Amino acid sequence: MRTHYCGHVSETDLDQEVTLCGWAHRRRDHGGVIFIDLRDREGLVQVVFDPDRPETFALAERVRSEFVLKVRGRVRRRPAGTENPDLPTGQVEVLGLELDLLNPAKTPPFQLDEHEQAGEDVRLRYRYVDLRRPEMLQRLRARARITSNLRRFLDEHGFLDIETPMLTRATPEGARDYLVPSRTHPGSFFALPQSPQLFKQLLMMAGMDRYYQIVRCFRDEDLRADRQPEFTQLDIETSFMDEEGIMHLTERMMRRLFADVLQVDLPDPFPRMGYAEAMARFGSDKPDLRIPLELVEVADLMGGVEFKVFAGPAADPRGRVAALHVPGGAGLTRKQIDDYTQFVGRYGAKGLAYIKVNDPAQGREGLQSPILKFLTDEAVDGILRRTEARAGDLIFFGADKAKVVNDALGALRVKLGHDLAMVEDEWRPLWVVDFPMFEYDEKDGRLYALHHPFTAPNVDDPAELADKDPEQLVSRAYDMVLNGTELGGGSVRIHRQDMQQAVFRLLGIDEDEARAKFGFLLDALEYGAPPHGGIAFGLDRLVMLMTGASSIREVMAFPKTQTAACLLTDAPAEVDIAQLQELALRITKPQA
C-alpha cells in the first residue's frame, strides 16, 4: 500500500512520487491550502492539499485528528522560511495528488500532544491511542532493541534459548502465586511461575550447560512504581561456572548493551560492596551511589545516655542508632522536617530526631535540637566528629530495630538526595555480594531465605551449617545494582541433596514437607547434578532506567494498574457460572 514511511521522506526523494499511509496527526487550513501532518511509526511528514485538485481537496477538508489515510503525492522542498529544523522531514513536504480516507476516527479521549493533562487511568483505558505517542513508540522500540542486543550476546556465548512451563505447581516461598484451577483434576490447581528457578536448575542437571530465556513471570503482590503482577525477566543459568565467572560474563553483557544502545561506557570492572557495608553506609542493599549521603553508626556513643529512644536500641542486639549527615541541611524549615518525619513513618520509624549545626566550634551553644538536653557531651562530640558536620549542616537520627532504621534512613537518604538536587548525573553500577543466607522475621519468629532456599551457602560441608549461627551464614549470592535499582539477582545454587536438605531443615521445612513440595528436585540432585548458578534480570526495570521512564508501566505495552487491573479489557472479571461448575469451583464472597 505504501512506498515510504512518513518519517523516512527526505531530500533524496525530491520530485519523486511517494505513497504514504498513516494517521492524521494535525490538520490546518491556511489561506485556502490544507496542511495535514501525517504520522506513522517512523515519524511525521507535512502533506499539502491545494484547491487545484477539487476532489482531493474536498476529501482533505473532511479529515480530522487520527483519521487513517493513504496519500499519493510528490515530494518537494518546503518554501524558504517554512522549514522545520526540529523535524527530521522538516526540509520537505508532500504535495497531495490523491487521498484515500481508509478509516475515520472518533475524537480521541485526549490530544496526543497534551497527554500529560490526561490521567493515567484514561491513558490505560485507551492504551491503543496512548501508544501512538512518539515517546511511547520510542520506549517500545528501545525495549525491542535492548532485548535483541541481550539475545545476540547470549547466543554468541553459547547459551540456548529454552522455554519452561507456564503451568506449574505452587511454591511455598516468596510472594503469593496466581492459581489456575485444573478442569481435569478437580480441586487441584496449577500456579503461574514466579520465576523459572527450579526448571532452569533442572535444565543444568539435564546437561544443557548454558540456558537463557526472556520469560514472563507472575507474582500476586502489592504493587509499586517498579512492580507489576506480570513482568518480564532475562533468566540465565550456567553449569561449571562459579560466581566470579557469572559476574564477569553478565558485566560484559551490560557494558556492551549500554555502549550499543546509549553510547555509555560503564566501568570495567563494576565495583563491589559487601551486604553488611551497604546496609551500614546506605541503609539499603541496592544503594544509589550517585547520592553523596551516608549513614554513620553512633550506637556505641550512647553508653552514658539515659534517653531511652537512643539507649534502648543501642543496647539491643537487633537494634541500631544511626546518623544521616546532610550538608547544608540546617536551612530546612520546621515544616520540611515535619514532612520528612511523616515520610519515615511509612517505614516504621516512630520519629525523626535531628541536630542543626550552626557553629560546631561553640560546642552545644552552636547546636540547635530538641534532643540536645538528653545527650552527654561525649555523645555530642562523638557525633560531630564522626559525621564531620560543619556549620550549616543538619544531622538526622534513626533509633529502632536495625531493619526499621535501615529502611527509614535509607529511604530518607534517597529522598533528600533528590529533593536537594544532590543526585549526580551518571551511571553507577555496583555488585552487592556476601549476602546473609537467612533473615529473621520478628513477626513470625522464624528464619526465611534472603534470596531463595536453593541458594548455596559459603560452606562446603552440610555439617558446618549445624555448627554455625544461621544468621551469621553467608550465601554465594550477588545482586547487580544500578543507580539504586536492583537490575538482577543471582547466586550459585545448591547442587548436592544433603546440602539442600540441611538448608530446608534450617528453614523449618521437615523431610516430609520437603519431599511433598520439592521431591522432584531432591530426586534430580541424586542423578549427577553439576555445580551451577545463574542470575535473573528484571527487563522492565532495565528498560525503565535506560529510557528514563518514571515507572515500568511506561515501558510495557499493556500494563496493569496499581490495583492489578487492566482498564483496557476490564480484567479481572467475573466468569459464567457454567465455567465455575465445570471447574468444580464455587465463589464465596468475602464478608464485609
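Just so you know, glycine gets a Cβ as well, placed from its N, Cα and C.
Feature annotations, courtesy of Swiss-Prot:
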BINDING   Glu173, Arg219, His451, Arg493  L-aspartate binding site
BINDING   Arg219, Asp220, Glu221, Gln228, Glu486, Gly538, Leu539, Asp540, Arg541  ATP binding site
REGION    197-200  region 'Aspartate'
SITE      His30  site 'Important for tRNA non-discrimination'
SITE      Gly81  site 'Important for tRNA non-discrimination'
Which listed residue (Glu221, Glu486) has most other Cβ within 10 Å, given these are binding-site residues: Glu486
CB within-chain contacts under 8 A for Leu539 (ATP binding site), separation at least 6: Arg143, Ile146, Thr147, Ile214, Phe231, Thr232, Gln233, Leu234
Secondary structure composition of the region 'Aspartate' (197-200) [DSSP: H/G/I, E/B, coil]: 4 helix, 0 strand, 0 coil
Model confidence over the region 'Aspartate' (197-200), averaged pLDDT: 97
Candidate nearest Arg541 (ATP binding site) in space, where candidates are the recorded positions Gly81, Arg219, His451, Arg493 and distance is Cα-Cα: Arg219
Residue pair Arg219 (L-aspartate binding site), Glu486 (ATP binding site) - Cα distance, angstrom, rounded: 17
Cα-Cα distance maximum in Å, computed over every pair in Arg219, Asp220, Glu221, Gln228, Glu486, Gly538, Leu539, Asp540, Arg541 that the record assigns to ATP: 20
Integer Cα-Cα distance in angstrom, His451 (L-aspartate binding site) to Glu486 (ATP binding site): 13
Arg219 (L-aspartate binding site), number of other Cβ atoms within 10 Å: 20
Shortest C-alpha distance to Glu221 (ATP binding site) - which of the recorded positions His30, Gly81, Arg493: Arg493
